[in-house]
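Notes to accompany the following structure.
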Amino acid sequence: MNWPFLLLDAADNNSVANYFPIGIQLIFAAGFVATMIGVSQLLGPKRKTADKLETFASGIENHGDARQPVAIKYFLVAILFVLFDVEVIFFYPYAVNFRELGWSGFGAVLMFVSFFLIGFIYIIKKGALKWED
Amino acid sequence: MPIQYYIYLCLALFSIGIIGVLTRRNAIVVFMCIELMLNAVNLLLVAFSKMHHGAALAIDSTTKAGIDGQLFVFFIMVVAAAEVSVGLAIIVMMYRNTHSVDINFLNRLKN
Amino acid sequence: MNAIIFSALAGVVMMYSGIITSKKTVIKYIAAIALVVLIAANLLQVYGIWQISVDTRDMLSFEKFGLVFNTLAFTATLIYVLLSGKEIENAGVNVAEYFALIFFVLCGVSILSSFNGLLMMFLGIEILTIPLYILTASDKRNLRSNEASLKYFLMGSFSTGIMLMGIALVYGATGSFALHTNAPVALSATGGIKASFLEVAGMILMFVSMAFKVSAAPFHFWTPDVYDGAPGVFTSFMATVVKAAGFIAFIRLFEGHTAILGPTWKILLAFVIVATLLIGNVTAVFQQSVKRMLSYSSIAQAGFMLFALYSSNDMAKEGLLLYSVAYSLATIGIFAVLIKLKDYAFDDFNGLGKTHPALAFATTVCLLSLAGIPLTGGFFAKYYMLASMVKEGGPLWLLIVAVLFAAVSVYYYFRVIQAMYFKEGTPSVQTEITSGFKAGMVLLAILIILLGIAPSLVLNLFYF
């Protein structure tokens, strides 16, 4: 095993050496995190204010417990997002085989997208995405 | 890596899912366990797909054997998403009526 | 292909019809017209006149058996919509969506009747069941409906998970999702684990999951609760068309595919059949509600339909078609009357024979057909099932057990007839009964009797 071709060697044979690059990666990652935290601890200025002890909520003031019901609209939008998001999965095989599939593949995808759009128009017509009542 | 490792891993995940479904009492946790079962199957299908592809590749270098296993995984994912949306809607509906997602409350139909 | 495409399009049309108009009766008529178009399109394909041909890459194969079943299932749905349309209108606010979901279920049915690979089978089953979860939950404020849908959903997706594991293991063993494959088994590649072991394990998992879906005995426990809790109209649909489609899928999946399981297969199946008949029939005897009785009776009828799987010869296939029709029509008829009543108890039928003689007559014919009395469709259905089993060389004891349980079933079906004719009281009819409904019920009864006299009416479709 010679150092410059470490990755190529690892791909060829099936042994513990396969995991050597991953080990290096792990050490680097852990070392980087440790170094950054240590250095910022050593060099950075220290100001203790009340705001800093608060729970971090993306800059918004937090209020109350997380375990309280939220408006059902959030749920609806989240569910619709999941549905429409996952359908994108079918575009990956199409993208990979774009040239081979040609026009018939394009027709199939067009049909898929149009069904998709029909569903989307239906949702809008039903008012599922209307945020204000 | 030999295929049996994948088979054992997937069976372990699948069994964890089944045991979860049978023993847990929170509808959402049960649901998550079902998802775990589906994902174990996904992993197994991808592993088998790679195995069949490798076996066919030794004979024919332009083979497309084993592709269908990965396609099946896509379909499982999409169907699982559809199931998630319907299932969560049912659970939310249940919660709005009973203020609980405990499936021990599901005994109104027993008598 | 016509059936699949047209049912999906009809579903979309129904979705939008709810946006265009809010008149419930109009929506119902649109659905009826769409069903007629669907039947016509399917018939065009059955007789080879016109079809949309799509290169399905052998994932679907359109054989006579499946196409004829499509016709029968769509016709049963049309009868169901015509008889119980009023109740679908009153089931909730989203009438158009209910019809759309029914059409999507029919799309699943037509995929299940023609799949040629495990991928299409999986998709068919999911397209069939996911709309049913929603239909079960359609009575949103009713806790029983909620509970039924949650149970159905958890059980349904659990069994889907099991089925997928089975499919994955079979794929690992054979390297293909095709149903009838002789692909060389990649023995060496599975490293230490025998491919035949994987395949057998996979097939058993698939069997368990399909038994879940058609509510065969050790896996039947969700059925009574779900059928009882769901709104009556949708129970009617679930217990008939959907269940028959499940059996079609079951027989397509295992037909000519069981050699690897050896003689154990028949023993396993005989055990499942006897258990199903026992649990379905004996528990139905003790029920106080007709709706719950009918759900146990559907388990019992599933036991009879499993005979088709046991023998899986041509006669069994004919018999299964006949059984689906006879059973579906009879159950749709009984439910159509049942959901007109206030409650689902036996006492609600008291005196129906005096106040509504036509309805009582039609209900009686339906019940006799379910019990398998001669001169009704149910008799020939059961006869074909048992005869196919004997033809295949099934054991005598299995035949005797089946006939015994058929005799037990007479008891609980006759309780309803007894309540209608021999008990005093006023039937608690809730919805107004129109003369059109009465005429429809009588026509249904005549159809069932016609099937009992000349079952070749249905079977000729298969050979024409």
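Placement of Cβ uses the backbone N, Cα and C atoms for every residue, glycine included.
Nobody curates TrEMBL annotations by hand; they come from automatic prediction.
Long-range contacts of the transmembrane segment (C:29-50) within its own chain (CB-CB distance under 8 A, at least 6 residues past either end) are made by residues 1-3, 6-7, 10, 13-14, 17, 62, 64, 67-68, 70-71, 74-75, 77-78, 81-82, 85, 99, 102-103, 106, 110, 461, 464. Positions annotated as transmembrane segment by TrEMBL: C:29-50 (among others).
The transmembrane segment annotation in TrEMBL covers C:65-83 (among others).
Among the features that TrEMBL reports, transmembrane segment is placed at C:95-112 (among others).
Marked as domain 'NADH:quinone oxidoreductase/Mrp antiporter transmembrane' by TrEMBL: C:117-401.
Per TrEMBL, the feature transmembrane segment maps to C:118-138 (among others).
Residues annotated as transmembrane segment in TrEMBL: C:150-171 (among others). With a threshold of 8 Å between CB atoms, the same-chain residues lying at least 6 positions outside the transmembrane segment (C:150-171) that come near it are 118, 122, 125-126, 129, 132-133, 136-137, 177, 198-199, 201-210, 212-213, 219, 222, 225-226, 229-230.
Within the chain, the transmembrane segment (C:200-221) has long-range Cβ neighbours (under 8 A, six or more residues past its boundaries) at 125, 129, 155-156, 158-160, 162-163, 165-173, 243, 246-247, 249-250, 253-254, 257-258, 260-261, 268, 272-273, 275-276, 278-280, 298-299, 302-303, 305-306. The transmembrane segment annotation in TrEMBL covers C:200-221 (among others).
Summarising the annotation, TrEMBL assigns transmembrane segment to C:233-255 (among others).
Residues 207, 211, 216-218, 220, 224, 261, 293, 296-304, 306-307, 309-310, 394-395, 398, 401-402, 405, 408-409, 411-412 of the same chain lie 6+ residues outside the transmembrane segment (C:267-287) yet bring a C-beta within less than 8 angstroms of a C-beta in it. Residues or ranges marked as transmembrane segment by TrEMBL: C:267-287 (among others).
Here TrEMBL flags C:320-339 (among others) as transmembrane segment.
Within the chain carrying the transmembrane segment (C:359-384), a Cβ under 8 angstroms from the stretch's Cβ atoms is held by residues 297, 301, 304, 315-316, 318-319, 322-323, 325-327, 329-331, 333-334, 337, 349, 352-353, 406, 409-410, 413-414, 416-417, 420-421, 433, 438, 441-442, 444-445, 448-449, 451-453, 455, all 6 or more beyond its ends. Positions annotated as transmembrane segment by TrEMBL: C:359-384 (among others).
With a cut-off of 8 Å between Cβ atoms, the residues of this chain six or more beyond the transmembrane segment (C:396-414) that come close are 270, 273-274, 277-278, 281-282, 284-285, 287, 293, 297, 300, 303-304, 307, 367-368, 370-373, 382, 386, 389-390. According to TrEMBL, the transmembrane segment annotation covers C:396-414 (among others).
Counting only same-chain residues 6+ beyond the ends of the transmembrane segment (C:441-463), those with a CB under 8 A from a CB of the stretch are 46, 64-65, 68, 71-72, 79, 83, 317-318, 321-322, 325-326, 329-330, 332-333, 336-337, 358-359, 361-363, 365-366, 369, 374-381, 384. Per TrEMBL, the feature transmembrane segment maps to C:441-463 (among others).
A contact between the transmembrane segment (C:320-339) and the transmembrane segment (C:65-83) is present, since 3 or more of their C-beta pairs, 6 or more residues apart, lie under 8 Å.
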